[in-house]
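Student: Before we start, here is the structure in question, set down as structure tokens.
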Amino acid sequence: MVLSQRQRDELNRAIADYLRSNGYEEAYSVFKKEAELDMNEELDKKYAGLLEKKWTSVIRLQKKVMELESKLNEAKEEFTSGGPLGQKRDPKEWIPRPPEKYALSGHRSPVTRVIFHPVFSVMVSASEDATIKVWDYETGDFERTLKGHTDSVQDISFDHSGKLLASCSADMTIKLWDFQGFECIRTMHGHDHNVSSVAIMPNGDHIVSASRDKTIKMWEVQTGYCVKTFTGHREWVRMVRPNQDGTLIASCSNDQTVRVWVVATKECKAELREHEHVVECISWAPESSYSSISEATGSETKKSGKPGPFLLSGSRDKTIKMWDVSTGMCLMTLVGHDNWVRGVLFHSGGKFILSCADDKTLRVWDYKNKRCMKTLNAHEHFVTSLDFHKTAPYVVTGSVDQTVKVWECR
């Protein structure tokens, strides 16, 4: 590249200033003579430190160029492997991609839970503002608010048909809502403290709940009566989730354990105790993932010939653990989050795990290689909850920043 006469003159003066101000007197006088420079004080001021400034700005720009090049390469790779026009990925391998499709505002306090409806193109969010909101995830439209709780709504759960919605709250109640008429049809009292988790059992006849009163209770949907109480946790029970056939329930607690209970007998079948802090969340592995898990972990197929069941747990110790419930063994620990893990679940294709945490990220894990394969900076504040649609390519997240975000997978 050829410099113009003016640029050459400016460069020479900047070099002369650099030589003089750094004490290279001899080199300065030779250079000044050879470059035929007529130095005067006014001009000197203009070129003082100019060479160093140019040099540092070039380095800064080089760094920026390298960052942009790496982002461009990543985008190209994503476009060819996952973009709508590139080579088609198997839907089982679709993962959430930034940016979000929608960022939905409306809650006036942190969002505590987000879930998809099993049938319609809606999702539901619960919040510390004591409300439940319904949104259309395809259009991003707000549909309605369900009001009835008098304190933070902690968890929500649909039955398999999506006709009933259960919610639980720090107001110590569990409510059952008719999701067709959007009316509260039953309120259940019985816990002595904040009810932190609720789930409708797969058969739709019973609801299970967990509380800060250290108990897990089972309720009859038809009557609202409490029919069973499971005791054993020594601290606040954070979450409770039934397995696919409803014969087992898993729970996690501030006592740093995960427990698995036999519903019929109320017996604690397993106590899983390798976390080093409060266990915030749990999730059962779908049967579609059993073969991938067995392959990844080398776990034995039992006498029954069936592997599993398998369970995931996420903790304030910043780790995610995978457990073989039948043996009580921890099969793997995934490390990567920089803060409390608040939500964890299996990808519907069975090959990946998704998690969210107080480090404001949503992460996708390739558990076969025990590595985090994608990190999305999902929210401005802690990410409290996530859900993965069973059939449509969407993930939803909720946050302390009061927003709900919809992420498209491809």
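Just so you know, glycine gets a Cβ as well, placed from its N, Cα and C.
Feature table excerpt (Swiss-Prot):
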DOMAIN    7-39  domain 'LisH'
MOD_RES   LYS53  N6-acetyllysine
MOD_RES   SER109  phosphoserine
REGION    1-102  region 'Interaction with NDEL1'
REGION    1-66  region 'Interaction with NDE1'
REGION    83-410  region 'Interaction with dynein and dynactin'
REGION    367-409  region 'Interaction with DCX'
REGION    388-410  region 'Interaction with NDEL1'
REPEAT    148-187  repeat 'WD 2'
REPEAT    190-229  repeat 'WD 3'
REPEAT    232-271  repeat 'WD 4'
REPEAT    378-410  repeat 'WD 7'
Student: Please report, as numbers and ranges, the same-chain residues at least 6 past the borders of the repeat 'WD 4' (232-271) whose CB is under 8 Å from any CB of it.
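Tutor: Counting only partners 6 or more residues beyond its ends, the repeat 'WD 4' (232-271) has Cβ contacts under 8 Å with 155, 193-194, 196-199, 201-203, 208-212, 214-216, 218, 277-284, 286-287, 309, 311, 313, 315, 323, 325, 328.
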Student: In three-state terms from DSSP, label the residue listed as 'N6-acetyllysine' for me.
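Tutor: Going by the DSSP assignment, the residue listed as 'N6-acetyllysine' falls within a helical segment, counted as helix.
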Student: Rounded to the nearest Å, what's the C-alpha distance separating LYS53 (N6-acetyllysine) and SER109 (phosphoserine)? Just drop the number here, would you?
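Tutor: Rounded to the nearest whole number, the Cα-Cα distance is 48 Å.
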Student: Using a Cβ-Cβ cut-off of under 8 Å, list the residues of the same chain that are 6+ residues beyond the ends of the repeat 'WD 2' (148-187) and lie near it.
Tutor: 109, 112-113, 115, 117-120, 124, 126-132, 134, 193-200, 202, 204, 207, 209, 211, 219, 221, 224, 239
Student: In the structure shown, with every protein chain counted, which of the modified residues LYS53, SER109 has the densest set of Cβ atoms within 10 angstroms of its Cβ?
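Tutor: Answer returned by the neighbour count: SER109.
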Student: Same-chain Cβ contacts of the repeat 'WD 3' (190-229) under 8 Å, 6 or more residues past its ends?
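Tutor: Same-chain residues near the repeat 'WD 3' (190-229) but 6 or more away: 154-161, 164, 166-170, 172-174, 176, 235-242, 244-246, 249, 251, 253, 261, 263, 266.
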Student: Which of the three DSSP-derived classes (helix, strand, coil) applies to the residue listed as 'phosphoserine'?
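Tutor: Reduced to three states, the DSSP call for the residue listed as 'phosphoserine' is coil.
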